[in-house]
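Before any comments, here is the structure.
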Amino acid sequence: MLFWVLLSSFCVFCFSSPDGFLSLSCGGSSYTAAYNISWVSDNDYIETGNTTTVTYAEGNSTSSVPIRLFPDPQGRQCYKLPVRKDLSSVLIRATFVYRNYDSQNSPPAFHVSLGRRITSTVDLRTNDPWIEELVWPVNNDSLLLCLLAVKGRGIPVISSLEVRPLPLGSYKYSLEGSPDIILRRSYRINSGYTNGTIRYPSDPFDRIWDPDQSYSPFHASWSFNGLTKLNSFNITENPPASVLKTARILARKESLSYTLSLHTPGDYYIILYFAGILSLSPSFSVTINDEVKQSDYTVTSSEAGTLYFTQKGISKLNITLRKIKFNPQVSALEVYEILQIPPEASSTTVSALKVIEQFTGQDLGWQDDPCTPLPWNHIECEGNRVTSLFLSKINLRSISPTFGDLLDLKTLDLHNTSLTGAIQNVGSLKDLQKLNLSFNQLESFGSELEDLVNLEVLDLQNNSLQGSVPETLGKLKKLRLLNLENNNLVGPLPQSLNITGLEVRITGNPCLSFSSISCNNVSSTIDTPQVTIPINKKQRKQNRIAILLGVSGGALFATFLVFVFMSIFTRRQRNKERDITRAQLKMQNWNASRIFSHKEIKSATRNFKEVIGRGSFGAVYRGKLPDGKQVAVKVRFDRTQLGADSFINEVHLLSQIRHQNLVSFEGFCYEPKRQILVYEYLSGGSLADHLYGPRSKRHSLNWVSRLKVAVDAAKGLDYLHNGSEPRIIHRDVKSSNILLDKDMNAKVSDFGLSKQFTKADASHITTVVKGTAGYLDPEYYSTLQLTEKSDVYSFGVVLLELICGREPLSHSGSPDSFNLVLWARPNLQAGAFEIVDDILKETFDPASMKKAASIAIRCVGRDASGRPSIAEVLTKLKEAYSLQLSYLAASAHTD
């Protein structure tokens with residue numbers, strides 16, 4: 001690139017508005033400054049803090065600047081800054097001013113973070129004002145700049161915040177291939193220039209170039225104001241012409257050097273700029289900290305160039321140019337500290353935490369990354385792993401399935417969170433060491449505690465636990481404290497818990513002990529006064545006879561008890577087998593579904609060879625019946641199996657459901673410890689697969705196909721809500737539960753969580769929340785009140801998936817777009833169809849899309865009473881489908 005180094009040529013910038021500049025007046029109002037730079041109030045970029053203005057003397061004049069201060073010492077105070085994604089890097093400049101605004105003469109110190117990295121500690125005792133400059137490689141459309149209080153050092157303050165676009169490809173030798181790096185400016189020196197700083201408009205990117213006189217030892221400078229032609233095509237940083245036209249040049253010595261102090265030891269990135277502004281072409285070596293980095297570098301007349309160096313683990317910096325031929329010279333230099341950005345927490349963890357925050361109904365202040373630069377409130381981390389979660393005194397009511405996604409947890413504290421029912425959704429937390437569920441209203445141990453193989457502390461005190469302590473707790477070999485105080489537990493404790501090294505606390509229970517005492521009459525265990533009665537010889541003889549008779553009688557009685565016990569056990573086994581047979585006969589009388597033997601199931605699945613799905617209930621296998629029909633076989637885990645009556649009811653319910661848009665129930669197997677359900681197999685896979693799963697890469701669904709799927713699924717749900725008797729709430733509507741056949745007809749599947757209700761049951765209160773994160777109705781979660789409108793909410797999420805072509809919870813985009821409902825709802829309400837799936841762009845009828853989007857938005861309304869019925873949803877979707885068909889017909893006719 002050829003350009004003319006002529007200062008006057010930059011006057012054009014004095015009269016044009018700079019493109020891409022963001023200038024925030026922190027605590028101030030909007031105004032236009034010199035060179036047409038627009039400063040705006042920071043009110044739209046941060047929600048916390050107080051504002052004031054400070055006036056102070058500066059030389060012979062006074063300055064008055066706004067300040068935003070943050071009295072709350074807890075957490076992060078963050079600015080969310082928009083960034084253009086077409087840029088490769090941006091400059092972030094923050095100015096911090098104290099100047100005794102509070103008349104306390106106590107300048108604060110605080111941390112500054114950009115994204116996940118603490119970049120610096122601002123100490124206004126050292127410099128006031130303090131200017132911090134950072135170069136950030138663009139990898140998102142926004143970033144967070146946060147202030148974090150230092151304990152005992154006052155409250156953070158800020159005066160201004162600037163975002164400036166940098167030249168494309170600039171600073172690439174440091175940032176290229178390393179998107180997890182931030183550059184923090186240490187020095188930017190306009191070598192050889194002594195008449196103040198240079199910035200915009202001389203530098204169109206508004207970098208501040210400091211004058212050279214402050215850096216010793218000082219050498220002669222050389223300045224050219226004339227017209228000079230320079231070839232600078234290889235300088236991607238694009239330094240301003242006014243910087244390149246000056247140079248520090250060796251006067252009489254053999255070397256030219258800069259000795260620069262560094263704030264902190266670390267890795268540094270150095271750029272040296274050279275311009276051939278002399279008719280000579282000097283040659284010299286470049287030495288950094290006594291190490292030769294460039295042995296023979298020549299500055300060619302009329303050429304401009306750069307040298308880039310990275311120095312690792314240094315605490316001081318000396319740059320020396322040693323003469324080889326003619327006088328060494330340098331036009332400018334930049335020095336940056338290289339800051340590594342810590343790895344981010346897993347998307348699964350972030351998704352789970354965001355869902356948990358949403359359903360607490362509280363703003364926990366969780367934004368950006370949970371672990372860096374500092375952990376969120378209520379959280380502790382090890383590196384980028386969330387290892388502890390503390391949510392006491394929050395009305396959770398149940399442990400959401402989402403907690404099970406926090407796989408790195410070592411400590412989970414949910415004490416005093418109004419939990420009820422059974423302990424659930426913790427079985428996947430294999431690393432958990434401490435579990436505190438005390439001071440709740442839990443009634444049952446559940447079936448998952450035995451899976452917590454690394455558990456050391458289990459605190460269940462002050463609950464409503466009933467019955468006996470499960471033997472399975474003895475499997476927790478690392479357990480050292482089990483607190484069961486103040487519950488309603490009875491019976492002997494398992495002997496597997498009576499071991500050295502395990503403390504078991506049991507006070508406050510009706511009858512709980514390691515001894516095999518009877519709990520039929522608790523009062524019999526109370527100590528009574530002992531009374532001594534004198535006995536004569538005759539009585540002693542009679543007593544001996546009585547003792548012998550008693551021993552003999554006791555032995556006979558013990559034998560009798562063993563006989564009775566064996567009889568009862570045998571009778572119970574016969575009764576259990578009789579119950580299963582009776583249940584099978586009862587099911588046969590329905591004449592609605594087939595009863596399979598376990599042998600038949602094993603043959604159909606080829607010994608359970610092909611797994612096609614897995615969930616909390618068990619696994620699903622692909623099978624083939626003797627007549628060639630393909631089936632999906634759902635096998636329940638032992639711990640998820642139902643009692644006989646419950647299983648009969650479930651099979652009866654499934655046998656009654658017959659609709660073209662519901663997956664057909666083919667039969668079942670019910671044998672001791674075996675509960676298996678058999679459904680028709682649909683070869684087209686799930687809707688989720690077609691939208692963003694493996695099938696989406698091979699065949700994408702167009703808009704009319706998506707509407708057809710939506711109509712089919714709505715028909716199935718409408719039958720459940722309004723066509724069957726009793727009516728049924730599905731409870732787990734999601735795109736992976738909408739299956740497609742080979743002709744792309746959709747059917748709703750998986751009624752394992754479904755709930756029957758009559759017209760008298762306008763709502764149903766549950767003690768356990770069932771469903772999938774991202775689809776759960778927030779009102780159902782918070783109130784435990786289940787209605788058909790909960791299905792409508794979940795189906796609304798599916799409609800948004802069809803429109804946007806993405807998952808309900810996704811960490812791939814910006815933090816704002818993580819939750820599909822919260823992201824899509826305001827955009828679609830504003831008619832912003834830019835968020836529609838890219839695959840659908842320019843292929844849909846706007847009226848059809850608008851109608852589908854409108855009903856989807858109503859479905860996901862937070863207030864259940866304002867949501868439409870599924871029948872109304874079906875009507876609107878049919879209308880949208882008809883509009884799209886008409887649009888396609890008109891387009892074909894036009895073509």
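The backbone N, Cα and C atoms fix where each Cβ goes, and this holds for glycine too.
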Next item on the list: Have a look at N498, N722 and find the one that Swiss-Prot tags as N-linked glycosylation site.
Entry: N498
Item checked: Per-residue pLDDT averaged over the domain 'Protein kinase' (606-888), given as an integer -> 84
Note to self: I'd like to confirm something. Which of the recorded positions, N140, N462, D732, T772, has a Cα closest to the Cα of N195 (N-linked glycosylation site)?
What the structure shows: N140
Next item on the list: Return the residues near Y679 (phosphotyrosine), defined as same-chain residues 6+ apart in sequence whose C-beta is under 8 angstroms from its C-beta, sorted by sequence, else 'none'.
Entry: V631, A632, V633, K634, V663, S664, F665, E666, S749
Next item on the list: Could you list the residues of the same chain, at least six apart in sequence, whose Cβ is under 8 A from the Cβ of N234 (N-linked glycosylation site)?
Entry: G305, T306
Notebook entry, point to check: Given N50 (N-linked glycosylation site) and N498 (N-linked glycosylation site), what distance in Å do their CA atoms have, once rounded to a whole number?
Noted result: 59
Next item on the list: Write out the long-range same-chain contacts of N498 (N-linked glycosylation site), meaning residues 6 or more apart in sequence whose Cβ is under 8 Å from its Cβ.
Entry: V504, F514
Checklist line | For N60 (N-linked glycosylation site), the three-state class that DSSP assigns | finding: coil
Checklist line | Spatial neighbours of T772 (phosphothreonine), counting only the recorded positions N36, N60, N416, N436, N462, D732 and Cα distances within 10 Å | finding: D732
Check: To which of the glycosylation sites N60, N140, N195, N416, N436 does the lowest count of other Cβ atoms within 10 Å belong?
Finding: N60
Next item on the list: Please name which of the recorded positions listed here, N318, N462, D732, is nearest in space to N436 (N-linked glycosylation site), Cα against Cα.
Entry: N462
